[in-house]
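Each remark here refers to the structure printed beneath this line.
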Amino acid sequence: LVLSLAWLGPALGAEDKDEEVVEEEEKEKKEDEVLSDEIKEENNVLVLHEHNFARALSEHQLLLVEFYAPWCGHCQQLAPAFAQAATELRNESSPARLGKVDATAQTALASEFGITSYPTLKLFRDGNRTHPLAYTGRMDSQGIVRWMQRRAGPSATLLQDTDTAAAFVSSQGLVVVGFFKDLRGEAAQAFFEVAAEMVDTTFGVAEAAELFQVYGLSADTVCLFKKFDERQTNFPVDPARGLDTAELTRLLRVHSLQLVMEFTNETSNQIFGAKIPHHMLLFLNKSSTEQLSLRDGFRAAAGGFRGEVLFVVVDVTGHGADVLPFFGMTAADAPTLRLVKMENNRKYQMEQDNFSDSAIRTFIQAVLDGKVKPRLLSAEPPEDWDTRPVKVLVGKTFEQVAFDETKNVFVKFYAPWCPHCQAMAAAWEELAERYKDREDIVIAEMDSTANELENITIHGFPTLHFFPAGPGRKMVEYKSTRDVETFSKFLDNGGTLPVEPPVTKTPGNSTSKEDPSVRGTDESRDEL
């Protein structure tokens, strides 16, 4: 055994030396690869850097590039979908390809294209490096594929005669056809732009005079054909103003929805994506025949508010059960009606539920006219709410505590499920311990999923507001680092932070954020 070990010793030593040599050779090989313009691929995604980027642009007519950071959670979540989309596009021999750039390593490219958040996706067309197009589609494989397909081919199918038009219109539950006397005109070009963006809708286009006649048209018009509600909805092009892409997109999204939607897992994205400012909700138990009959009056009221109010039926025993706590309701409260203002989540309830169409119309109009006060949620205050270092506020007690003119009150508005709130909980408790003997400072918190305030709207979690002592009902939002020392500086300085020397930032450093468009807010706050 000793002889064997004596024999293995030099061999093991030599192996260590060889590993060092191999590591050095691998390092040199990687450096050579980076300096080369050769384009490597990972799961059909082009791996790009400053030395092969120009080549990639010259070789690919349509190139969607993801600028990412290896540590970015959203980038990691996107990676499988991005690779799947790249594979699908390649398998169908599309001229569209997908590529990726590690923006933390390729700082020159990150600086050139103004990358400040991750992931950022940009489309490069025909080798044009100076005017890439921002990606506006969904962050899933199907959304990416459809978005790229619309840009790889015509965004609308040309309908040349009555037979092809009739087949196209009946081919799906919903299609859009633009009728234009000049397909090269400005109105038609604006229509093609809308078609390129609305990738979940099928678009056709026609200019034949016989098709204008068949569909009862005399001038340029965009028509929405549906197999529900109104079968054909016309949007004439204003001869003076032309076709406004934003307005047409809005109209198509609004009228693509059923007059009365049912809230399900499949329809929730449509309901919230339509961006209709008010939602009128009928909560009912679908197992009750009597409650189901209430839908008739609800539907009768809906027509006059299309585009302003979206009517939604919510089954309290089905998918809708999950949203009941948001309204402070249980299934036993059905049937009942609520109107929600989407900009601030204010909820309105009839004093007495009346399900006739006239009563519903009257109630909605009163809310729109500002004649009805919102119904605000409030939990009951815990018995020991003011005995702990962190005071527990609810809707009923908020005013008397936050606007006490003798106190400086620092409030954390949170959601129990929010991971960012959970992460800062210990710091908030430590802060309260530090100031618990100060008579003029109150550290408090409020669960904003169970409590609402009339004049303060919370859009994301956690949100921190400081209410300084003195008259005037002042409020200051805290937006800096969430740690005990910075909180203390803020409090000791009367609700502002002392001016710090400026920090020089360089491209690619760790100050960049994950993309707010993925989650709707900054990387350390969850949106409502």
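For all residues, glycine too, the Cβ spot is worked out from N, Cα and C.
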Residue among Cys75, Cys223 that, according to TrEMBL, closes a disulfide with Cys72: Cys75
Disulfide-bonded cysteine for Cys421 as listed in TrEMBL, from Cys223, Cys418: Cys418
Composition by DSSP (helix, strand, coil) of residues within the domain 'Thioredoxin' (367-496): 36 helix, 28 strand, 66 coil
Lowest local Cβ density among Cys418, Cys421, which the record lists as disulfide-bonded residues, within 10 Å: Cys418
Whole-number Å value for how far Cys421 (disulfide bond) lies from Cys72 (disulfide bond) (Cα to Cα): 19
